[in-house]
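These features come from TrEMBL:
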BINDING   His34, His163, His167  Zn(2+) binding site
TRANSMEM  14-35  transmembrane segment
TRANSMEM  47-65  transmembrane segment
TRANSMEM  77-94  transmembrane segment
TRANSMEM  100-116  transmembrane segment
TRANSMEM  128-145  transmembrane segment
TRANSMEM  165-184  transmembrane segment
Amino acid sequence: MMFLMHPYAQKRSCYVYVTCILFMVVGLFSMYFHMTLSFLGQLLDEIAILWLLASGYSIWMPRCYFPTFLGENRPQFICLVITTTVVSTFLSFLRPVVNAYALNSIAVHILYIVFQEYKRTSNKELRHIMEVSVVLWAFALTSWISDRLLCSFWQQINFFYLHSIWHVLISITFPYGMVTMALVDARYEMPGQTLKVRYWPRDTWPVGLPYVEVSDDKNC
């Protein structure tokens, strides 16, 4: 993703690399947690996810959704996000059992923004990737909730894979969500440029890794 999104990051924000690095950190801490099932591993995993979401908010949150007392000042919004994330990081040590539910609830706000932007756009490409992102997230969340709430049922039928399915689906959802927010953000922050969705390794393959290609709008 860092390589594929390099041209976009050069024109929008180099902090896109931070988001990609944090995604890798989440993977490493998640692996450590599930290998050890330790309290430290759980906190590292959840705190890394928290900072990953914070980085996405800081870069791609459209200014029209900023709190009214900030106006459309992105630096102040970033300070607010960082402050909230630091406080949440410390609070996560107090009631660790609610961390996972709190993190998933943040997705509801992201879903609200996607829904609002879906209504505003007629761009078929943007609508398509929004739809794919939401469907992937819904399947992932369903797997996670089913694993949490119906654990005894799945054990009775010897099906122990819902949590692993959650990890696979949410890992696939992230690149789609990242591209979705980049396209939404471009409508506000990059009006003179066109973003095109591409898929690695080939656009024609039924499944691929999405990324954005940037081109300048040239008027003759």
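Each position is counted from 1, following the chain as shown.
Using N, Cα and C of the backbone, Cβ positions are placed for all residues, glycine too.
Just so you know, TrEMBL annotations never went through curation; they're auto-generated.
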Any further residue of that chain within 8 Å (Cβ to the Cβ centroid of His34, His163, His167) of the recorded Zn(2+) site: Ser30, Ser164, Trp166
Cβ contacts under 8 Å made by the transmembrane segment (165-184) with residues that lie 6+ beyond its boundaries: 1, 5, 8, 12, 19, 23, 27, 30, 56, 59-60, 62, 110, 113-114, 117, 123, 125-126, 129-130, 132-133, 136-137, 139-140, 143-144, 147, 195, 197, 209-212
Long-range environment of the transmembrane segment (128-145) - Cβ separation under 8 angstroms, sequence gap at least 6: 104, 107, 111, 114, 117-118, 162-163, 165-166, 169-170, 172-173, 176-177, 179-180, 183, 197, 210
Number of Cβ atoms other than its own within 10 Å, given for His167 (Zn(2+) binding site): 16
